[in-house]
Amino acid sequence: MREEQQVKAARTRRSGEGDEERMNICNRLMKYAKEHLSKATWDYYAAGADECCTRDDNLLAYKRIRLRPRVLRDVSVSDTRTTVQGVQIGFPVGIAPTAFHCLAWHEGEVATARGEAPGPPPAFELRLSVTGAVTPPLPPPAATEALDTCYISSTYSTCSVEEIVAAAPGGYRWFQLYVYRDRELSEHMVRRVEALGYRALVLTVDVPFTGKRRDDIRNRFRLPPHLKIKNFEGLPQAAAAPEDYGIPSNTLDPSISWKDIHWLQSITQLPIIIKGILTKEDAELAVEHGVQGIIVSNHGGRQLDGGPATIDALTEIVDAVQGRMEVYLDGGIRTGSDVLKALALGAKCVFIGRPAVWGLAYKGEDGVREVLQILHDEFRLSMALSGCRNVAEINRNLIQCSKL
C-alpha cells in the first residue's frame with residue numbers, strides 16, 4: 001500500500017498536479033495569515049489609511065498594464081541577476097521595511113533575515129517538458145543558495161539590528177531610518193548600523209504624522225507587553241511613555257525638510273535612499289540634494305489615502321531622474337509579472353512588504369523563502385515569455401502604452 005502511494009505521488013509530481021500548492025502563493029498565504037493571526041494583528045498588517053483606496057489601487061494598477069511580448073528570441077537560458085547600489089543580487093526583488101515581525105512569527109525579523117540569506121547567484125536554464133510546460137532546472141537550488149537579495153530592516157523591529165546581523169551575517173542589508181526630533185537618536189542609529197556593516201540608509205519621508213488607520217483605532221492597537229521595539233532598548237528616549245504603536249512619544253519630527261538631507265549626509269558616508277517620493281518635483285529635488293536612490297512608495301497605502309498607486313507614479317519619476325540615480329518601487333507586487341512590469345517602466349528593483357509578512361506568518365523563514373522563490377520563478381517565466389533573456393533586456397518597449 002505504501003509503495004502504491006509513493007508511485008501515485010511520483011506520478012502527481014511528474015504531471016504537475018502537485019504544483020497547485022505553489023500557485024496563487026500570495027493569496028494562499030494571505031488567507032492563512034488572516035485565519036491564524038489575531039484580528040488586531042491582521043488588521044495592523046493588512047489595512048490602509050481611511051477608506052483604503054490607495055492600498056487597493058496599488059494592486060489594481062498592475063492589472064491595467066498590458067505587455068508586448070517578443071518571440072523567437074532563444075530564451076532557453078535566462079539570467080535574473082541585477083545590481084543595486086553596485087552590489088549584485090540574485091533577482092530584482094527585495095524585502096521592504098515593515099515593523100513588528102514578532103507579531104507574525106515568534107522569531108520575528110531574525111527569521112525574515114534568514115529567509116533571504118545569500119548564496120551563489122543563479123543563471124538558470126529553462127527546460128521544456130513533453131507537454132510544452134516550462135519546468136524548473138534539476139536539481140532546483142535552495143532559496144538561500146539562489147535568491148540572495150536585499151533586506152531593508154525597519155527601525156521599528158521587534159529584533160535589534162545586532163540580532164538580525166547575527167542571524168544572517170552574510171546578508172545584504174539596508175537600514176530604514178527616521179529623522180527624529182532628537183537628532184542624537186537618529187545619529188545613534190546611524191552609527192550602530194554603520195558599525196554592523198549595513199550598506200545603505202533608507203530615509204522614510206512620508207510620515208510627518210501617522211496616517212489615519214481606522215482599523216487600528218477601532219481595535220485600539222498596541223504592541224503587546226511582551227514585545228518591544230528592540231532598537232530603542234536602553235536608550236534614554238525609550239523611557240518616555242510609548243505612543244499607540246509602542247514608539248517612544250514625541251519622536252517623529254513633522255518639521256523634517258530637505259535641509260535634513262544635508263545633515264544626514266554630514267554624519268555618514270553610507271548611500272542615502274529616500275523612501276516615499278511620488279512626484280517628479282520631489283524626484284528632481286532628490287537629485288539636486290545628491291542622494292543615491294529613490295523608493296517610489298506610498299507606505300503601502302497606510303498614509304495619505306487618495307494618492308497614486310506606486311506603479312502609476314513610477315514613470316514620471318524615472319523620467320525626471322534621467323538615470324542620475326537608481327529608482328526602486330514598493331507597493332502592490334504580488335506576482336512575477338508585476339515585477340516585470342515595474343522593471344519595464346524603469347524600476348531597478350522592487351521591494352515586497354505584506355507578502356513577506358504573510359510568508360513569515362505561515363512558517364517563519366521557510367515561508368519567506370517560499371514567497372521569494374515563487375516570485376523568482378514567476379519572474380523568470382514572465383521574462384522568457386516576453387522574450388527577455390536577462391534583466392538588461394527589460395525596457396519600456398514591453399509595455400503597451402495605450403493601455404496605461
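Cβ atoms are placed via backbone N, Cα and C, with glycine included.
Annotations in TrEMBL come from automatic prediction, not curation.
Database features (TrEMBL):
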- HIS299: active site, proton acceptor (ACT_SITE)
- TYR44, TYR178, ARG213, HIS299, ARG302: glyoxylate binding site (BINDING)
- 97-99, SER154, GLN176, THR204, LYS275, SER297, 330-334, 353-354: FMN binding site (BINDING)
- 18-404: domain 'FMN hydroxy acid dehydrogenase' (DOMAIN)
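It is 16 Å from the Cα atom of ARG334 (FMN binding site) to that of the residue listed as 'active site, proton acceptor'.
Here the binding-site residues are PRO97, GLY332, and the one with the most other Cβ atoms within 10 Å of its Cβ is GLY332. The CA atom of LYS275 (FMN binding site) is located 20 Å away from the CA atom of ARG213 (glyoxylate binding site). Around HIS299 (active site, proton acceptor), the same-chain residues six or more apart in sequence whose CB sits under 8 Å from its CB are THR204, ASP206, VAL207, GLY211, GLY276, listed in sequence order. LYS275 (FMN binding site) counts 25 other C-beta atoms within 10 Å of its own C-beta, drawing on all protein chains shown. The two recorded residues, ARG354 (FMN binding site) and TYR44 (glyoxylate binding site), have Cα atoms 11 Å apart. The record assigns TYR44, TYR178, ARG213, HIS299, ARG302 to the glyoxylate site; their largest pairwise CA distance measures 20 Å.
If you count neighbouring Cβ atoms within 10 Å for each of the binding-site residues ARG302, ARG334, the highest count belongs to ARG302. For TYR178 (glyoxylate binding site), the same-chain residues lying six or more positions away in sequence with a CB closer than 8 A to its CB are THR155, SER186, LEU203, THR204, VAL207, THR251, LEU252, ASP253. Note: ASP330 (FMN binding site) has non-local neighbours ALA96, LYS275, ILE295, VAL296, SER297, GLY300, THR310, VAL350, PHE351, ILE352, GLY353, i.e. same-chain residues 6+ apart with C-beta under 8 A of its own C-beta. Distance between Cα atoms for ARG213 (glyoxylate binding site) and ALA99 (FMN binding site): 15 Å, as a whole number. Rounded to a whole number, the distance between the Cα atoms of GLY332 (FMN binding site) and ARG302 (glyoxylate binding site) is 13 Å. Confidence in the domain 'FMN hydroxy acid dehydrogenase' (18-404), given as mean pLDDT, stands at 90.
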